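Here the structure comes first, spelled out in structure tokens, and everything after it is commentary.
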Amino acid sequence: MQIRVKSGDSLWKYSRVFQIPLKLILDSNNLDNPNQLMIGEVIQIPGYVTKSYTIKPGDTLWKIAGWYQAPLDGVLLLNDANPFALKPGEKVNIPIRVTWSLVNPIQNYDYNTLVTDVRKIHAVYPFIKQGVIGESVMGKPLPELVVGKGNKKVHMNASFHANEWLTSALLMKFIDDYARELTNSQMLSGVSLPPLYESTSLSLVPMVNPDGVDIVINGLPEEEPYRTLVDEINNGSNQFNRWKANVRGVDLNNQYPAKWEVEAQRKPTKPSPRNYPGKAPLTEPEAIALADLSRRKKFDRALAFHSQGEVIYWGYEGLEPPESERLVTEYSRLSGYTGVRYVDSYAGYKDWFIKEFRKPGFTVEIGKGESPLPLSQFSKIYQDTIGIFLSSLYM
Ligand SMILES: [Zn+2]
């Protein structure tokens, strides 16, 4: 919600009237001098939307505020109308506190759905910064969301693998719930959120492989040469449920320089719906974007969400720090997922992250069955994994 500064306004006053933590208002606005607002300046108030209401005979702002459970002082701050001389037909803005979910994760979560949700989240919670870390092969911008400016830098990503797109819906639901409960000063899953927001900076790349996700959900791309290419790679089949790769048939989670040669020797040697590691490490723009981001931001820990198996992989060649074990023990305790230290699989993002930075890196395999997982599993997966999300911030 936007508010135009009037004489006597301050951020502190907005915080008190709207009952929104001052820190969140500060972080929603790029102000040179937050202690001195300029009259007419536009300020973003997170956690509210406005509703336009047309005055009818006999209405008072007191009544209207009551109907919408809006703070009366807030209605006065938001409007220039003289509260003692309302004219029928005049429009007033009512501040409505957002207590509902912006993200609906129970749907085929393709790239368009993601982009729409990112926009909604940023509009209601402007303290969440959005950026673009690169582009997919087909030119889709890869969004990153960043929450908080704390010292501990936590990164999470999802949908490295196309048919594991439920992981994107999961991360978007996490961020939506985190932002909403933070704004409403509520706990999430029994955890108090302000200390988490203060101490961490959370980076989220919710869909690493949007071209692939759209193939699995929507079928062959319209655009050439990709349509012909994907059709060839998939041997003319219109069944894409097993597709994990990007649009060029490269498995993005086999692209990292961490024993890549081992995978190249035993995996497909040409573009394929899954498992082809490419001609060399880091040839694909999506994999490169994640590597560049990780180098630039120097994350303290990283979690890559995949499906399925209810396991958490956490080691790489003994290079993982002791903190990895401490974290995975807590993740397992909270989720019931099994921690697995070593597995005969290399060249993944998690492997490279541990090797490159010697920091904790994890592959979290959500759910059970076959990917793409059915939407009916979503609630259980969310219940199981919300603790992993939160403990990554508080541990
Ligand atoms: Zn996967």
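Note: Cβ is positioned from N, Cα and C throughout, glycine not excepted.
Positions annotated as active site, proton donor/acceptor by TrEMBL: GLU365. As annotated by TrEMBL, domain 'LysM' applies to 1-45, 51-94. Annotated domain 'Peptidase M14' per TrEMBL: 107-393, in sequence order.
Taking Cβ pairs closer than 8 Å, the domain 'LysM' (51-94) reaches residues 1, 3, 6, 9, 13-14, 17-19 in its own chain, all 6 or more past its ends. The Cβ of the residue listed as 'active site, proton donor/acceptor' has HIS306, SER307, GLN308, GLY309, GLU310, VAL311, ILE312, TYR313, TYR337 as same-chain neighbours under 8 Å, each 6 or more residues away in sequence. Within the model, the domain 'Peptidase M14' (107-393) shows a mean pLDDT value of 98, rounded to a whole number.
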